[in-house]
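Chemist: Below are the features I grabbed from TrEMBL:
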type	residues	note
DOMAIN	39-74	domain 'EF-hand'
DOMAIN	105-140	domain 'EF-hand'
DOMAIN	141-176	domain 'EF-hand'
REPEAT	211-297	repeat 'Solcar'
REPEAT	305-390	repeat 'Solcar'
REPEAT	402-490	repeat 'Solcar'
């Protein structure tokens, strides 16, 4: 060890390494000639000792999880991510050197974030600074909501957050920038109810950098496959009632199911499901890529979009994806309504449509479908943000994170409201897609079909088939969420 002062001593560090205290009692210089803060290293040594349950000088992911849970930290504090970043020798554990190196680097990132929030450079963060910083990232929160975020970190009751409070609050949270904090305020829960009009989720820079974004897309796609397959009978019943319900006013849910089983057996309940799950992958990929490009065009590289900008970008991304995959939507409707033996498969259906009706048939109902994106995405996003913020204002006392159950409830309600608003356009779209398959049905335009339905059936006629549509929401959301979380675990994607 190099000489730095007249005294030398060995501290009982977990590493067992020698340290020399400098003239400044708060500074030590280790045997690698690195200047280290004595108080900080002592605090880290105590934390490490608490985490090292079996006292073997190593902390594994199990000990890290137990330690974080014992300290009352929320599940989003990701033990796996801390281990992944800190484990430099890749032995699956953290020794004290790796542990302290991780905390040292993480503190640097937290310091930069703290300085970016401390806009007036007074060494403290107040409510208005939190509100302004989140607003600049596109997350609009009220003063009361920003106050709740501050209170979750303010330990001394001063209504400000100093560096020590900020550091201690986020020390074991693997966030790297303010965008990760804003993540908890975004529409960040995957719900697949068979309708692909929702605003796409945004991925943080860390998720893009580490490749986690594509794993989340894969997990979401698999969740959609299982969810749609599980609720396919209700989806087929919805389409059946939309198209044939006006001709037989006595047709209802049970009678419709019995009729479909009588015509083609139990397997017939899943007609059209193949192409319905096949279009998930291209639609998700196109929507994601389009959203990223539109987001860049709106905000450049400034980061997260504001709510209204997300609505515009989401609507345009959805319109782009729907335009490209719309022929598959038409095929799905035709295959869903087909009678036994009518088509041998998807390609046979496409060939027959092309031969009998021409290319234009693959875009029947396109206009009402595009128009439906606007009320669906707008109401979905607005209701979601309103419900989530209302919950945070009234029930969140110590964390800005609403929790997954709250997000699921908000997402389910907002999606249902979006469907309710856009359903008449969805019904008209389906009728237009299916007009050629209904014997004696006139080939009407969107406005003519709207007038025809209202004049003959009244306004309730615009909501034919909505009962099975609502019936599938809860099972679709439940299946989608369970599969999504399990797929993320299989793919190694940690939940925030």
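Backbone N, Cα and C define each Cβ position, glycine as well.
Not measured: the values here are computed from a predicted model.
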Chemist: Per DSSP, how many helix, strand and coil residues does the domain 'EF-hand' (39-74) have?
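Modeler: Each residue of the domain 'EF-hand' (39-74) counted once, the result is 23 helix, 2 strand, 11 coil.
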Chemist: Across the domain 'EF-hand' (141-176), what are the DSSP residue counts per state (helix, strand, coil)?
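Modeler: Helix, strand, coil within the domain 'EF-hand' (141-176): 17 helix, 2 strand, 17 coil.
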Chemist: With DSSP as the reference, give the number of residues of the repeat 'Solcar' (402-490) in helix, strand and coil.
Modeler: 75 helix, 0 strand, 14 coil
Chemist: Per DSSP, what is the helix/strand/coil residue tally across the repeat 'Solcar' (211-297)?
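Modeler: Split by secondary structure, the repeat 'Solcar' (211-297) comes out as 73 helix, 0 strand, 14 coil.
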